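> In case it's useful when we look at the structure, here is the feature table from Swiss-Prot:
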REGION    1-22  region 'Disordered'
TRANSIT   1-31  transit peptide
BINDING   E132, E170, H173, E256  Fe cation 1 binding site
BINDING   E170, E223, E256, H259  Fe cation 2 binding site
Amino acid sequence: MAFAASHTASPSSCGGVAQRRSNGMSPVVAMASTINRVKTAKKPYTPPREVHLQVKHSLPPQKREIFDSLQPWAKENLLNLLKPVEKSWQPQDFLPDPSSDGFYDEVKELRERAKEIPDDYFVCLVGDMVTEEALPTYQTMLNTLDGVRDETGASPTTWAVWTRAWTAEENRHGDLLNKYMYLTGRVDMKQIEKTIQYLIGSGMDPGTENNPYLGFLYTSFQERATFISHGNTARHAKEYGDLKLAQICGTIAADEKRHETAYTKIVEKLFEIDPDYTVLAFADMMRKKISMPAHLMYDGKDDNLFEHFSAVAQRLGVYTARDYADILEFLVQRWKVADLTGLSGEGRRAQDFVCTLAPRIRRLDERAQARAKQAPVIPFSWVYDRKVQL
């Protein structure tokens, strides 16, 4: 996860790099100094890490026409992956019914089950929930993408309909996990709520440059990452004996898998009609490294909260550097990147880069694990400052 969480800008052949070169700018790592981080901790709407020199609108004008022409395809191939509201699960389906006579007994039973779950698992579950709760940021991010954004807030275009409906489906995830953890009594809800507010106020910097090629590559990767993460928290919950929590996490994972299918279909179509630019975009995102959506996470105390949460997730096997490599390898195979033909020289170099990257990531991870020392134990405000090993 530590590898997956990193995010640096780096040279590539996609449109954003051409813009960087034309502006005479070099790629930068957007990390504030310790002094700056101390200062920003006193500013309630500023992230602990400031983001600088963001590339904007790297999509060439002629590429935008592709997304206009894909509207009929998107209507036929994306909207059928959404579930009607009346057939969708809702958070209340998994929680004690407050109107029933047995409500208090059900809550007591839930709290008894939660007592058997260790703090490090709750750190992972809270981190996943906080990530889900920053949904306004993700809808905003999708609506920065040229050619597919919701221009009015209620646009009838297929891309806009998809984004709003996707957001509506995702909204249930954070709601359900939030209510469940509130009922457990195991976590500091005020600290969690502060973390959510900080995160939404901070935004995110995925490096997608208003470019839907980059944006849909990013969402393809992220939906698979969240599918894996929620699937692993479901497995752990079952091992701890909380079958209801396992069901909750598994149900959320199933949604993420369906959304992954949609976004990977979009990129598959882009590879079909515009393979050279798409493989350049793929290499661009992987050179930058995929930043996790909550990489600007902050709780008002820990300037490195996301890295600490990621380290616990890595140790527990909830989401790891190996998962990052596996996702990349899965996408390369899913999109048949190795089989692409007729590419430009730059396209062939990008193809080689993405097709050989996963094994390199695994080797780096193996070396890092071999050198790893005993991880420190630090307090997490989410669990009342109890100490958890990283």
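Cβ atoms are placed via backbone N, Cα and C, with glycine included.
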> Sequence gap of 6 or more, C-beta under 8 Å: which same-chain residues meet both conditions with respect to H259 (Fe cation 2 binding site)?
L81, W166, E169, E170, T219, E223
> Indicate the candidate from E132, E170, E223, E256 with the smallest number of other Cβ atoms within 10 Å of its Cβ, considering only these binding-site residues.
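Comparing Cβ neighbour counts within 10 Å for the binding-site residues E132, E170, E223, E256 gives E170.
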> How many neighbouring Cβ atoms, not counting its own, are there within 10 Å of the Cβ of H173 (Fe cation 1 binding site)?
25
> Around the Fe cation 1 site formed by E132, E170, H173, E256, which additional residues qualify by having Cβ within 8 Å of the site's Cβ center?
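The surrounding set, listed in chain order, is L135, E169, N171, R172, G174, T226, H230, I252, D255.
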> Residues other than E170, E223, E256, H259 within 8 Å, Cβ to Cβ centroid, of the Fe cation 2 site?
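Other same-chain residues with Cβ inside the cutoff are W166, E169, Q222, T226, F227, D255, K257, R258, E260.
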